[in-house]
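S.K.: The structure that follows is given in the form of structure tokens.
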């Protein structure tokens, strides 16, 4: 019952405007963060449908002591999830009304002329275009297992493996208990959207990480060499950090920063479960980190995924904390210390030009700060934003500030969506979207130091000109395929 109570509390917080879904979930102190996040997200996705069912079945009128938020999560799991996972009076209450709720669901399907529960969501997607297209992505944690063993495990569980996808259309057509190997990322499996892994042994043991494909791009393109020192500047909740550790093969050092104590505690638990070693977590605003500190003298790679408008999140949000602060005037948010800005939830809808400029100002500042680390050779800047102001414009401004010290790398040229034509070379950047790549909206730029001892300019045609990265992304070739670590999945 604790799961449903925690989910109802998050829904209440969203309605009050206490924060975004991520911040409220991470601050809930519920031990199974991902399970809670999944339940809240799916309940929100079905919210309009659930409201119609509750009204049609008159459930809240019949059960006056049942909070509406709790009613939603109970009815979601009863009718659309895997069944109620609780006992006691709430389960008895839900079962008492089950026949009426199922009859109301059937009536709603007839009324809307649909046969599947998913088809009832069509009106919802008008607010989140493409959300229903994004499949479920599963990153294989190569610190604990390998892709072949995970595929075998799912096949033993009754899933049908269809091989490596040849096109995005194959991902779009997935249904039932079928899955594919992603066509771009070698350690990413793709399942239909409705697939739930939160109780799966591979997930609970840390052998797989539930991570959107676009979110896998930053670490994948940073591609740090084993043994390197790496900074993850805005690290929580830690999926990208664990991805970096897998690429490093746990050989090297990761410095991860975030300003929120609770999120860092959750992140520490997740990293330990994923088998990550050689990392240092710090509750610190990255802008206050001294690049001249000897501790960071060997940092050659930085992953920077700062706070942004979150406009690429296909699930949307409900009145984030940033909106409430902005209502007090742009001068308030402009005067906030960077650490406070970094604490603001990412989920934000339709930001005004003033708000975008305030965010972009912070992003330029933090990107420029990252480039000031003396040993830095390669940096990835990413956002889950669709707005040019937070993406191409930020990269352009910082490159102009640094002159010829850094260059923009033409990363992953086989990726179908490129940066907007905001300045010469912006096509070197990557973009992602539900419609074109079946992912959340995302932006990625790869920067490298350019000068004596640095990699050759990205205009050179052959990877042989860049021995440091071999077949890496620096010269526009596909990243090298890593040898998979063999560890059997029991």
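Every residue gets a Cβ built from N, Cα and C, even glycine.
TrEMBL lists these features:
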COILED    91-118  coiled coil
DOMAIN    126-450  domain 'SAM-dependent MTase RsmB/NOP-type'
BINDING   234, 235, 236, 237, 238, 239, 240, 258, 285, 305  S-adenosyl-L-methionine binding site
ACT_SITE  384  active site, nucleophile
REGION    457-490  region 'Disordered'
COMPBIAS  479-490  compositional bias 'Basic residues'
S.K.: Taking every residue in the coiled coil (91-118), what is their average pLDDT?
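M.R.: Across the coiled coil (91-118), the average pLDDT comes out at 85.
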S.K.: Taking just the CA atoms, what is the gap between residue 238 (S-adenosyl-L-methionine binding site) and residue 384 (active site, nucleophile) in Å?
M.R.: 15
S.K.: I'd like the number of other C-beta atoms within 10 A of the C-beta of residue 240 (S-adenosyl-L-methionine binding site), please.
M.R.: 25
S.K.: How many whole Å apart are the CA atoms of residue 236 (S-adenosyl-L-methionine binding site) and the residue listed as 'active site, nucleophile'?
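M.R.: Distance (Cα to Cα, whole Å): 14 Å.
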S.K.: How big is the S-adenosyl-L-methionine site in terms of the longest C-alpha to C-alpha distance among 234, 235, 236, 237, 238, 239, 240, 258, 285, 305, in angstrom?
M.R.: 19
S.K.: Test of understanding: give the count of other CB atoms lying within 10 angstroms of the CB of residue 238 (S-adenosyl-L-methionine binding site).
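M.R.: A count of 26.
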